[in-house]
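TrEMBL lists 15-185 with the feature domain 'Flavoprotein'. Here TrEMBL flags 22, 23, 24, 49, 100, 101, 102, 103, 135 as FMN binding site. Residues or ranges marked as dimethylallyl phosphate binding site in TrEMBL: 165, 181.
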Ligand SMILES: Cc1cc2nc3c(=O)[nH]c(=O)nc-3n(C[C@H](O)[C@H](O)[C@H](O)COP(=O)(O)O)c2cc1C
């Protein structure tokens, strides 16, 4: 008996879910979208929480149209029937940038109480890459425990802390460096962040 024919063995296009929540640092989510658009080849699915919108307007003075134009698909956080709410919809993973402590808690406890938390839940259950640019300071024990829980489930906690070893000349350079490190975790192509060349002579 012939096996059931397979319509196509072509791999699905690369897809990433990007969520922007209400922590300070909306620029990280926006720059990730801009970088993916510039690179091409990745279908972006954008989610923005209500508090995320507040911060986008306050920190970046962008409108909804400005944001929506940067993504291929925009989902309402209330649309728990969206494609990305199901594991059957293949993606390469999800980035929450920035990630508030509230959304971190929701993901850590598997609440799936909006589409951001549900898509993150799906990403973890399907063993896909989940990267959270958590932002708060100082941190209380609940924050730390929630980060541990997400790490134990396979997620990556990636606080957007600027590096100084590359001697950045501007905030833009600091943001771009973090964005490159985040996207490199998804191995979308050649590395975006240059490999550390080592400190020549530093130990002599
Ligand atoms: C200007 C502003 C800055 C904020 N910064 C942070 C922050 O850095 N980290 C954080 O966890 N929450 C921060 N918050 C609080 C969150 O927005 C709030 O907890 C919200 O409920 C998060 O909801 P969301 O995760 O659905 O976006 C900030 C709120 C405002 C208005």
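Keep in mind that glycine also has a Cβ here, set from the backbone N, Cα and C atoms.
Predicted automatically and left uncurated, TrEMBL annotations should be read as such.
Sequence features annotated in TrEMBL and their locations in the structure.
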residue : record                               : Cβ contacts under 8 Å, 6 or more apart
22      : FMN binding site                     : 49, 50, 51, 52, 54, 55, 100, 102, 103
24      : FMN binding site                     : 55, 59, 98, 135
165     : dimethylallyl phosphate binding site : 196
181     : dimethylallyl phosphate binding site : 158, 192, 193
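With a CB cut-off of under 6 A applied against ligand 1, the binding-site residues 135, 165, 181 are reduced to 135.
Neighbours of the FMN site: apart from 22, 23, 24, 49, 100, 101, 102, 103, 135, residues of the same chain with C-beta atoms within 8 angstroms of the site's C-beta centroid are 21, 51, 52, 98, 99, 104, 136. Summed and averaged per residue, pLDDT over the domain 'Flavoprotein' (15-185) gives 97.
In the three-state DSSP scheme, residue 24 (FMN binding site) falls into the coil class. Just so you know, of the binding-site residues 102, 135, the Cβ with the fewest other Cβ atoms around it within 10 Å is the one at 102. Counting every protein chain shown, 24 other Cβ atoms lie within 10 Å of the Cβ of residue 100 (FMN binding site).
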